[in-house]
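Remarks on the structure that follows.
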Amino acid sequence: MAWHDLINALSVPYKVPGEGFWGPKTVTLNFCEEDYVVTHYVAELCNTVTNFLFIVLGVRGLRMCLRNQHAPIFVIAFLGYMTVGLASTFFHASLKYWMQLADELSMIYTTFFMLYATFAYDRSPIFRFLLSIGLAATAWYITARYYETKDPQFHQDAYAVLTATVVFSNMWIMEYRVRPQLETRERIATGRADTPSSNATMTQMWKMVATGLTTFLGAWGIWNLDNIYCSTITSWRRSMQLPWAVVLEGHAWWHLGTGIGAYYYIVWRIWIHRCLAGEEDKFQLLLREVETQAIAAQQQISLVKTQQASKQREMRMAQLTRAELSSLPKDVDVYEGVGKMFVALPMSEMDGKLASQIKDAEGEVEGLGKRLNYLEISQKNSQEQIMRMLGGASAS
């Protein structure tokens with residue numbers, strides 16, 4: 001069967017759009033994904049299930065905050081992040097206005113939490129109190145204005161301004177507060193003018209920013225193409241059929257991109273917090289320790305693999321020699337030795353010696369295999385811990 005025939009055999013045509021389990025739509029926004037064309041119970045299936053990423057990463061973020069005792073504002077931020085995912089799930093599943101509000105306003109409120117984390121750090125209690133009042137008043141104004149106008153452009157503009165404020169403010173803080181502090185502490189600790197460790201930390205931090213920003217803006221661009229060319233893309237999807245056509249659901253890509261991008265920015269701010277608190281050295285020390293363990297495990301793996309290969313060759317040579325001797329008469333003597341030193345041995349004695357050698361080699365190969373398995377698990381655990389530290393706890 002050709003690939004084309006196989007794909008056609010696995011393809012399922014879309015249903016005719018219509019109403020489903022949740023009844024008439026009451027939302028002010030309806031995206032390019034057609035309604036109830038996959039299942040009677042979910043209006044926009046792809047836009048619904050892609051929100052699960054917020055739950056998965058949100059749980060990971062909460063565990064990271066509790067494990068590493070990050071500031072409580074970041075626990076609140078991750079709870080807000082998960083709320084966005086849950087609200088968006090029910091919004092796209094039901095297309096009801098009250099769930100649309102829950103989705104869009106939770107995006108605004110979570111960004112306000114990040115604004116508080118950005119501007120309240122290392123400030124006086126009075127300043128933090130006034131900041132809280134100002135942010136709460138602004139959030140109330142946006143909520144009231146949006147509820148009154150029901151203008152999605154207002155919501156999108158407000159969210160864009162708030163997010164840009166968080167991002168650019170933290171970029172400034174990173175360069176003009178974090179970098180000088182890191183360099184000063186490193187110069188004091190090492191007595192040297194150059195600061196390679198601080199530069200490496202800043203490079204790694206900028207890579208995190210670039211990854212989050214690229215993911216976020218890339219997803220935004222895909223969603224805009226989805227809006228602009230909706231009718232064309234819809235015809236493409238119907239031509240491709242399910243399940244292949246899901247790759248053309250632009251708003252679903254927006255969910256994935258914003259989920260990853262927003263997670264990166266919360267983690268980024270946590271890292272900035274830790275650096276400003278002078279705790280980046282603890283993270284770097286722990287990271288170097290885990291990296292050393294991973295390198296040592298890799299070296300041991302290479303050594304064990306070499307030993308295992310040597311023993312396997314020795315075992316195969318003994319097996320081949322024993323197989324060749326089995327074709328000789330039983331009453332002849334065979335010679336064993338190296339170079340000019342040879343000793344005549346009865347066939348039975350040589351056969352027993354080879355059998356014992358094979359058995360010993362098999363035992364050693366088995367033991368080396370167990371050790372190799374243990375080392376590979378240890379190395380994998382070390383690598384996973386490094387990735388968790390870089391992608392999750394980054395500054396702890």
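Cβ coordinates come from backbone N, Cα and C, glycine included.
A TrEMBL annotation is a machine prediction, not a hand-curated record.
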Identity of the Zn(2+)-site residue among His40, His70, His92 (reference: His251, His255, source: TrEMBL): His92
CB within-chain contacts under 8 A for His92 (Zn(2+) binding site), separation at least 6: Phe31, Glu33, Val42, Ala43, Glu44, Asn47, Thr48, Asn51
Residue, out of the binding-site residues His251, His255, whose Cβ gathers the largest set of other Cβ atoms within 10 Å: His255
Cβ neighbour count (within 10 Å, all chains shown) around Glu44 (Ca(2+) binding site): 25
Close approaches to the transmembrane segment (71-91) from elsewhere in its chain (Cβ under 8 angstroms; 6 or more beyond its ends): 27, 47-48, 51-55, 57-59, 61-62, 65, 99-100, 102-103, 106-107, 109-110, 113-114, 116-117, 120, 255, 259, 262-263, 266, 269-270, 273
DSSP three-state assignment for His92 (Zn(2+) binding site): helix
